[in-house]
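According to TrEMBL, the protein carries these features:
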- A:12-30: transmembrane segment (TRANSMEM)
- A:50-66: transmembrane segment (TRANSMEM)
- A:95-118: transmembrane segment (TRANSMEM)
- A:125-142: transmembrane segment (TRANSMEM)
- A:186-204: transmembrane segment (TRANSMEM)
- A:235-254: transmembrane segment (TRANSMEM)
- A:266-285: transmembrane segment (TRANSMEM)
- A:316-338: transmembrane segment (TRANSMEM)
Amino acid sequence: MHKSTLMRYFSQNLGVVTASLLLIALYVAYNFMHPRGFSTAVAVQNTNEAAAIAFVAMAQTLPVLLGGLDLSVGAVMTLCNCVASVLVNGTPGEIVFGMLATLATGTAFGALNGCIVVYGRIQPIIATLATGAIAIGLALIVRPKPGGDVDGDLGWALTNSVWDFADTYGLADGGDAWWLQPFVDIPVPFLLVVLVAVCVWLPFKRTVTGRTVYAIGSAEGAAFMSGLPIDRARIAAFTLGGFFAACGGLYLAIQTSSGNADLQQAGAYTLNSIAAVVLGGTSLLGGVGGAIASLIGACILRVISFYFRILDIDPLLQPLIEGIVLLVAVSFGAIRTIRVRNKLDLFR
Amino acid sequence: GPEIVAGPGANPECFAPWSDDTTYLQWEAKEAPYKIAVVNGFVGNTWRIQMIKTAKAFAEDPAIKDKIETLKVVSTGTDAPAQLGAIEDFINQGFDAIITIAVSPDGFDRVIRLADKNDVVIVPFDNVLDTDKVMQVNEDQLEMGRTWAKFVLDQLKAEGTTSGKLLEVRGLPGNSVDRDRSIGIHEVFDADGGDWEIVQVVGNWDDGTAQKVTADAIAVHNRFDAILAQGGTTGVVQAMMDTDHPMVPVAGESENGFRKLVAKHADEGLKGISIGQSPGLVAIAIKAAISALEGNAMPQLISVPLPIATYDELEDGANYWSDLPDNFFTVNEFPPCGVNISGPAIMSQDESDVN
Amino acid sequence: MTESIVEYRGISKYFAGIRALQSVDFSCKLGSIHAVLGENGAGKSTLIKIMSGVLQPDAGEILLDGKPVSFPTPQSANEAGIVCMFQELSLVPDLSVAENISISHPPRRFGLINRREQVRRAEELLARVRCEDVDPNAVVRELSLSRRQMVEIAKALGKSPKVLILDEATSALTSRDVQTVYDLLAELKAEGVASLFISHRMHEVDALCDTLSVFRNGQHIETFAKGEKSEREIVHLMIGRDVEAQFPPKPPAPSLPGRGEPLLRVRGLSWQNRLNGIDLSVHGGEIVGLGGLDGQGQKELLLALFGVLRDVDGEVVIGGKKGIPSSPAAAKSAETRLALVPEDRKTEGLMLGMPIADNLLASSFQRISRGPFIDPVLSRKTVEEGISRLQIKTGSASDPVMTLSGGNQQKVVIAKWLMIDPDVVLLNDPTRGIDVGTKQEIYKLMRDLANAGKAVLFYSSDYAELIGCCDRVSVLYSGRVVAEKQGDEITEESLVAASLNIDVEAA
Amino acid sequence: MRISVSNENKPIVIASFFVVVILLAGTAYTLSTSGAAPLLSPNYLLQQLQTGSFLGICAAGMMMVILLGHIDLSIPWTLTAAAMTATAVGGEMALPTALAVGIAVGALNGFGVAFLRIPSMIFTLGVDTVLRGLMVAQTGGFAPQDTATPLMLFLSKERILGIPVAIYVWAAVSLVIIIVLTRTGFGRSIYATGSSERAAYLSGIRTRFVTMGAFMMSSLCASIAGVLLAGYSAKAYQGMGNAFLLPAIAAVVLGGTHILGGRGRYVGTLIGVVLIVLLNSVLSIMQMPEAGRQIIYGTVIIAMLLVYGRNQRVTS
Ligand SMILES: Nc1ncnc2c1ncn2[C@@H]1O[C@H](COP(=O)(O)OP(=O)(O)OP(=O)(O)O)[C@@H](O)[C@H]1O
Ligand SMILES: Nc1ncnc2c1ncn2[C@@H]1O[C@H](COP(=O)(O)OP(=O)(O)OP(=O)(O)O)[C@@H](O)[C@H]1O
Ligand SMILES: [Mg+2]
Ligand SMILES: [Mg+2]
């Protein structure tokens, strides 16, 4: 018999649903324990911290859906961060141009990744290992030393609540317009992430290209035989991944008003993005999951680290606990393994 | 936020202003005890671990124990947003002062603005910020480079060498500390007028990398007249010995291993100078934060004297320990500040613990 | 008859020097159901892959409605009205049935996929193939192979084909679904659609097609109308020689009692809700068939015996040893000596990219090793023996196994298991997609194994095989054995009746 | 046993060719700038191979795991943890301790990947983080001794017959791996499992133990590299393994091992390591700044993979 829609949604999206519940539980508990919990200040701080990794996790999602991995997301984000730190200042026109140029840089780099993977027919994981190095090299050329002067007003406006945004730019009566009141407490970074997710990711998922991305990850041969545009979807996926990484880099530049071609930071972002994707319930085998799930995964990663600031934990044990929590969190995937009754289902 | 006031500040022997034009900052006095947080970045090396332990130990020091209500230490990794987020979180939690080693020299505008709004004292040290809006604690990296170079120059001149080939082992590329030290070194050699060729390699302040690049450089260039290393100096000397490079003057950091080697081989020509960025800086930063919270006028940029030890000043058990591991940083005490936590005391709970 | 819609002129195709098709002239006409016959590797799949844009010909031209065309991608072929159901299904397992059905041209609104319309469309098409029981929102992965084939057919219908190609697309269908497909094809024929039908089951071809073309060795041998030639002649055309009896003779049925302990005895075997207390026994020297409709627990039974399923209840005695093996490795161990030829040779039987030799040895590393080390001489000898015993047609044993034709690949799987000298052989539809000639060899092999005292348990979706090969047949229905037939009782009627769980005697 | 398919040897031939090109280019550079050719001096080459042996041994272990279609991201801190615990224990027991750490970490990795079936990419990443945490806690809590034992010093620094002992160790590890891969059922099972775990499992191969075994070999190799590196630096230190992860993966892949498993020859990995070591040393002789170094590094990898011939397009 046909299952009810809700039941079906839950059973087909078990990963995301569990991740969302976990995130809510963790975040609510954090707010209860925080001396100033459930306040705009805390929400603004939290979303600021999570925005860049959320973008990068979304960027990682697309190659993963294809059944590959992008080891260059962190590097592309870093490159865009450096580009933005040079370009995003001056007159409003120049600022807008700088932002567009930054997004274009990441998008172009993503497209380059896609072309190498598609036309060079090199496995994504190894192709992006190489292009990641190139991206870092370029970032170092753009910004040999950390620094930069991203427009200060922009930085303030985009890293605070909606009210501050309106206030900074004198919009909606400096934020006091009555119609804005329901929204004044929402953190801007939250809006930005949601905006990108809703206006870019969700429509993309509902195009033939987006569906092809899922189809390739699930069964590439079948996708080809079904007459789907394989090459186009691959390139599109990497391009969109580059765009998301660029959003992350741009936001990072605005948030820190500077750029930093830091190899280690790039590596950390790449690895964390993979962890976020997995925590969100997207399968590393491809075909199942989505960018929203990764976004949630990224938030879980961040919320876990929030706890070190409110609990009293020996600082030298923190890295150990962080590692164990990560290990345990990803090991929840094993529950599926234990429940499997037909061992062939393990070899997917 | 703090007011800019005229000097002099409190306790000038300890909180020495960087230069004559250093400004002074003053916050409104708050009642002790204070809530203080240390926001570290990366944690996977000995220096940082020693720094964290020093911070913990210093908070237990009877002289300031009563002034501290809580001391919280977190390490955020190399990720700038995580560090900024942690600082902001502590501001939100109502902490009074936040000590930090910045992941990046920029990008703190927002948290500084918030800190000023909430009257929180932020004290960056070690990797400091390119700003004059906060009170910072550091050793003078430029001066360190100059001192290294002067020492090497003196040694070479004493041997009668007035020109030659030198090896400079640099630190993490892009880091401001690396940049300043290197500038200091080159300033002195450029000014000297001798014909000095300086070969640069990147050692990442890390023993293994420094050792490998030094060995490679020696293999290619055969012989250097002296070596100036920003860090990983134990590895640098190790590479010299492995490649049978003659012992030449070496300027380097304050690792115990380097000092041990210098003490042992100084007679053979390993004339060394060891200057260190001390993990003990954290203690001075904490002390400075407390002083600021008490309402004292403080220099915006506090200069901590360079702890210098040349080969003829080394003394086992005093400024190096021949029976202890190579890996900890020797200089940790700053008597004028009442900071008296020696390296061995920090890195081993008791002496019997170590062999 | 009407004009030919697709016409091949001198099409050739080579793979790394191997000739797959050689100057083939071929055409198919509107409003006909055209069978393409030939043994494995004859070039049938290549023929239709070229037609549907998956492969490009090396020489020759294709005419569509009399005009030369070329199809660089499956998409372009689809646009020209040529729709193919491939031998390896082209469904995407992680997408829903509805999404799969409208995969390349979904209904849209504002440029985005309209999901509601998509589901509605799927329901409509599923109803057309009488699969109302399939939930359009279910993920394809959850469906059984036979359901998937039906979805695939619905998907093809949805593209309103002018030419519909079915490449062994019905190999897993049950008789009811096969009937549906027959009806559908007849309907399409009436609408003027041309259908190309590839199958190794002669009776399907017989029931369905009006025109037959035979291929051999990459060449088009002959095309003729149905009824012009006898089945015997057709088989001769296909494999170039006469086939005597289809099945090797069965030994006279011995009386059951007094034959001692069976090699395999199963009592009350249960697993999840798929197996509900199976009782079964197989003696040395006999071939026992598993009958019944598709999906009644036959595959699960074989997997359970082979140690693949968890939490299986019931009593199993294999060669005197009690208990269900805990894994395939335990199953093949010296004590039980069980072998399983799995359902899907491509994903379960073979490591496709690895050399033939390594595939042959994959189950017997211990046997050819001294201590931890493989004995190179022994291993080479073993491989040669395996290849010659089953007459596997290979160039070199170091070629990747994927370069073999389907039938030879299947032989590799069987040969691999014969190397461990098994006592009990479990076979899961071993002749699916295998040509007549090879099928015969496999039947003979099974009989030889039985004659050598082994116990053979054999599942097939083809009744004719069960009737021709088996000494006894146990018919499964919803995870239980509902009937056990032996000797002359094994007839098509009795098997069909038992499959539907109708008591013939009572009726 | 395995008769090599010519396709498998192609990357090896091309990589060897690149090695020669790099040597010549580097020599041309040094001749034009300083008139000497240190790159071609046996002593320099031996020294490069000596430091290359650490990477070589890591890559050897990494190859086992990549052949399975997995990856081991825990190598950096496995190496570090093995070296640090070994020096902390010191004396006779140092070496066995390091190896025991390697085996334990490998068993944990293998357990997570094979039994819990967590993707290796993420599980080994977690293990790496845990090991780092352990080492931080250990350094902070127990002030471990960090000087290398005489045996460690011997293994990585001494020379026998003019050749560094480290190179002998590398050769021994290589020999063991070649024998395992080509002459044992375990080795063949690694290829089979990497090619199709499902089919291997249904062939009665105990794929979970094969996976465990491969991960244990990987960690064991990392711990051997850790011992050598500690000997070379005369001590163990935090983060000593950081520089080995990505080059090890790159070396394995440049050597022609397929990143998705099932295909690859060990000789290729050896040449891949030599290639990367030489590339690095030529770049540092040229005093190439970090930016250029990264760009060249990435470009070389892509260029070589393009030359190797592209993967088959998936059509079914
Ligand atoms: N991709 C390929 N690479 C190499 N050779 C191929 C390839 N595809 C087909 N061949 C060759 O072409 C021959 C014909 O193959 P084809 O798949 O058309 O046979 P078939 O008639 O469909 O067989 P079956 O009945 O098994 O489906 C094969 O024997 C094989 O040698
Ligand atoms: N990489 C390859 N190299 C050489 N020949 C190949 C290769 N891949 C496939 N083939 C050949 O192509 C033919 C067609 O492939 P296909 O996958 O359709 O198998 P098939 O023979 O039709 O098998 P089956 O009967 O199981 O469907 C195979 O028979 C095989 O001989
Ligand atoms: Mg075929
Ligand atoms: Mg076939």
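Quick reminder: no glycine exception, Cβ is built from N, Cα and C everywhere.
The highest tally of CB pairs under 8 A with the transmembrane segment (A:12-30), across A:50-66, A:95-118, A:186-204, A:235-254, A:266-285, is held by A:266-285.
Among the stretches A:186-204, A:235-254, A:266-285, A:316-338, the one making the largest number of Cβ pairs under 8 Å with the transmembrane segment (A:50-66) is A:235-254. Note: the stretches the transmembrane segment (A:235-254) and the transmembrane segment (A:95-118) are in contact (3+ CB pairs below 8 A, sequence gap of 6 or more).
The highest tally of CB pairs under 8 A with the transmembrane segment (A:95-118), across A:125-142, A:186-204, A:266-285, A:316-338, is held by A:125-142. Among residues of the same chain six or more beyond the transmembrane segment (A:186-204), those with a C-beta under 8 A of the stretch's C-beta atoms are 40, 43-44, 46-48, 50-51, 54-55, 58, 157-162, 164-165, 210, 236, 240, 243-244, 247, 251, 255, 290-292, 295.
Packing against the transmembrane segment (A:266-285) from elsewhere in the chain are residues 13-16, 18-19, 52-54, 56-57, 59-61, 64-65, 67, 69-75, 77-78, 132, 135-136, 139, 217, 248, 292-298, 300-301, 326, 329-330, 333, 348: each is 6 or more residues past its ends and has a CB under 8 Å from a CB in it.
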